[in-house]
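Colleague: Dropping the structure in here first, questions after.
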């Protein structure tokens with residue numbers, strides 16, 4: 001592995017499980033929770049990308065809300081205002097994956113900065129990591145809102161390079177989203193793809209430098225594991 005001077009994480013789906021919202025979805029719409037969550041996430045991503053391409057950028061929370069409205073319309077589900085608010089707020093409480101805290105603790109011993117680069121708004125990022133109890137691990141929380149364009153735009157990835165003041169080739173970008181890993185590799189980051197579900201990597205002209213099945217493998221990959229492990 002080349003020299004690493006900083007590690008930058010995606011948030012949604014990498015550190016925290018977006019489909020933890022399925023439980024609350026199922027409370028409001030019995031037996032439809034997983035279906036809603038899967039469709040909601042896909043449409044959320046599509047809207048964030050399409051808005052960027054159209055030059056009509058909206059914040060990730062707005063794209064999330066718009067996506068939920070679409071899903072309920074498509075599934076012929078009546079979405080009350082209080083339900084919409086509750087479900088969108090649940091995106092601020094998505095749960096960290098089980099290995100996240102221990103992995104971050106080990107990585108912190110490596111004495112390189114850890115950062116998050118997300119399409120989420122600054123408020124959303126702060127809320128998610130705060131509610132998950134992992135905010136203290138990160139020196140920078142970076143939102144694509146700052147450039148009004150979503151990942152995988154190079155302009156979004158450039159934010160991390162500028163904020164950490166580290167040349168892109170010496171930053172490791174970690175994401176479970178193959179489209180994100182492709183975009184980051186195209187930008188010039190070293191990339192680690194977290195393939196928890198044994199998915200097939202996207203055919204977008206780029207390949208990750210490393211593939212792991214969970215973040216618990218990352219400390220050993222970087223040789224930053226704490227002495228007591």
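Quick reminder: no glycine exception, Cβ is built from N, Cα and C everywhere.
Annotations for this protein, taken from Swiss-Prot, read as follows:
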ACT_SITE  10  active site, nucleophile
BINDING   11, 12, 41, 118, 119  (S)-2-haloacid binding site
REGION    175-180  region 'Important for catalytic activity'
SITE      14  site 'Important for catalytic activity'
SITE      151  site 'Important for catalytic activity'
SITE      157  site 'Important for catalytic activity'
Colleague: Which value does the mean pLDDT take for the region 'Important for catalytic activity' (175-180) in this predicted structure?
Modeller: 98
Colleague: Can you tell me which of the recorded positions 10, 11, 12 is spatially closest to residue 151 (site 'Important for catalytic activity')? Compare CA atoms only.
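Modeller: Minimum Cα distance from residue 151 (site 'Important for catalytic activity') across 10, 11, 12 lands on 10.
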Colleague: What is the separation, in Å, between the Cα atoms of residue 14 (site 'Important for catalytic activity') and residue 118 ((S)-2-haloacid binding site)?
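Modeller: That comes out at 10 Å between the alpha carbons.
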Colleague: May I ask for the distance between residue 11 ((S)-2-haloacid binding site) and residue 157 (site 'Important for catalytic activity'), taken between their Cα atoms and rounded to an integer number of Å?
Modeller: 14
Colleague: Per DSSP, residue 11 ((S)-2-haloacid binding site) is which: helix, strand or coil?
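Modeller: The three-state answer is coil.
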Colleague: Fewest other C-beta atoms within 10 angstroms of its own C-beta: which of the recorded positions 41, 151 fits that?
Modeller: 41
Colleague: Compare all C-alpha positions of 11, 12, 41, 118, 119, the record's (S)-2-haloacid binders, and send over the largest distance in angstrom.
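Modeller: Overall maximum Cα spacing for these binding residues reaches 15 Å.
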Colleague: Around the (S)-2-haloacid site (11, 12, 41, 118, 119), what further same-chain residues have their C-beta within 8 angstroms of the site's C-beta centre?
Modeller: 10, 13, 14, 18, 60, 120
Colleague: In Å, rounded, how far does the Cα of residue 12 ((S)-2-haloacid binding site) sit from the Cα of residue 157 (site 'Important for catalytic activity')?
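Modeller: With the alpha carbons as reference points, the distance is 15 Å.
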Colleague: For the C-alpha pair, I'd like the distance in angstrom between residue 119 ((S)-2-haloacid binding site) and residue 157 (site 'Important for catalytic activity'), rounded off.
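Modeller: Cα of residue 119 ((S)-2-haloacid binding site) to Cα of residue 157 (site 'Important for catalytic activity') measures 10 Å after rounding.
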Colleague: Restricting the comparison to the recorded positions 41, 118, 157, which residue's C-alpha is spatially nearest the C-alpha of residue 10 (active site, nucleophile)?
Modeller: 118
Colleague: Cα distance, residue 157 (site 'Important for catalytic activity') to residue 41 ((S)-2-haloacid binding site), nearest Å?
Modeller: 21
Colleague: So what sits near residue 118 ((S)-2-haloacid binding site) in its own chain, CB-to-CB under 8 Å and at least six residues off in sequence?
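Modeller: Non-local contacts for residue 118 ((S)-2-haloacid binding site): 10, 11, 12, 60, 124, 125, 141, 142, 143, 144.
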Colleague: In the structure shown, with every protein chain counted, which of the recorded positions 14, 119 has the densest set of Cβ atoms within 10 angstroms of its Cβ?
Modeller: 119
